[in-house]
């Protein structure tokens, strides 16, 4: 299924600094003197692992700060202690650093500002702009109205300032049960924007907070916290995705009605990243983890940054992907192949080459004995990466798919009675086969031409095919995890039941062999396994006595 791609380009953009509507706004603000510098922030909620959509926001906020010699804060929007955890805080820090960015100073937390936020809530109450409401959640939904019908005022809306202050104090002191009261901004229940219909700005939660412990039992809502945190940190340009476009009205209302330093920050919205065949809902990703459908948040099939990292994606490839898709106000579905193209280009340029046989078939070179050490370049275009030794022995492994007893002319591999070249080695000819009781081929007996190392046969005969191989006498066993798309549809988020759109073949595990040079393959180290694909050593399970390689991406699109 085809989808429009959001600003994806094939050719490399040579501009040093990308251009988009946000950067144009910043240029105008600096030129007019509205701001003398740029301060951005990346404000994740620590209730899950960061995913590819967050990478776009990270690259945008930190990238703008870098390009304008400004600063970017890392601020944790930690206003819901029930769903947040230090595990997520640590993983977010790690992901941002891994992508190659450094935040200004120490990480910040919205909870750092809880005292100030409480003070601003008191100020709104004293101005008659906030009140304590005791409607039940069900009643509040009923009073809120719909997109076509205005809401109606709560019977508690016109309480006196003194009563509201006293009730808010009781909320703070833990004297009111959870769910029995909240603090609401007094704006307009008839507003065409539901977000402005007296939104809740504080609620009661008797939960231990990972930063503040049990100091508080009332917690500010996102819309109240976010804008004030931006103002406290002197953020000049607050960048959010389009779903927060209506929230900008509340962002501005809060700041305009409290006594906080000017100039005030301004919020700008851009399109979120919608990636084909990918789920980015934290709730649904958590479901995959909790149900054991995937091997944790960093499963290589997950769209999390840690999952992509474990699969073999590099920081440079993700940054390049984010650069290519650009920043617009239009929501589009980005084809997954655009992401794959970025890592494929990166690894083609940087990954050393090696040989692996994923479905081994033994061949015996009948006119060869002993062992000959051959050499092969680690990269065809980068001499500085050096060479490696390949032991050529009487018994070798080739892939089962690279031999047929009979084949047409389009099959340019080993065929009974015909020749093929072994990569970085000799031309061999298949002479006969040995089969088991079920007629499966177990061994192919061959001869080799000793005069064909690094050159064509002297008599001018044409040998067109080239296949990879590994010594059957000097090799390392390896596990190959061949990852595919986790879902069978382009938009799994729209599915009523994600179980119905899971790809049963999203992970296929094979046991094969690799050349001995990979004995010390380090976690996350990427290789091009010639004719097979780009793989990396698994960071969790691979070790010297049990090598595990993850398929990062195929050699060509569509394979």
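Placement of Cβ uses the backbone N, Cα and C atoms for every residue, glycine included.
Fair warning: this is a prediction, and the values are worked out from it, not measured in the lab.
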Considering the ATP binding residues 45, 46, 47, 51, 52, 53, 54, 55, 56, 57, 272, 273 given in Swiss-Prot, which of 19, 79, 236, 241 is annotated for that site as well?
241
In Swiss-Prot, which of 22-32, 33-43, 44-54 is tagged motif ''HIGH' region'?
44-54
Of the residue ranges 264-268, 274-278, 279-283, 284-288, which one carries the motif ''KMSKS' region' annotation in Swiss-Prot?
279-283
Given that the record lists 45, 46, 47, 51, 52, 53, 54, 55, 56, 57, 241, 272, 273 as binding ATP, what is the largest C-alpha to C-alpha distance among them, in Å?
19
Hey, which bits of the same chain come close to the motif ''HIGH' region' (44-54), Cβ under 8 Å, at least six residues off its ends?
76-80, 83-86, 88-89, 91-92, 95-96, 210, 222, 272-273, 275, 278, 280, 282, 285-286, 297-298, 302-308, 318, 339
Work out how many Å separate residue 54 (ATP binding site) and residue 77 (L-glutamine binding site) at their Cα atoms, rounded off.
14
Structural state census, the motif ''KMSKS' region' (279-283) (DSSP three-state):
2 helix, 0 strand, 3 coil
Candidates 45, 56, 241, 273 (binding-site residues) - the one closest to residue 77 (L-glutamine binding site) by CA:
45
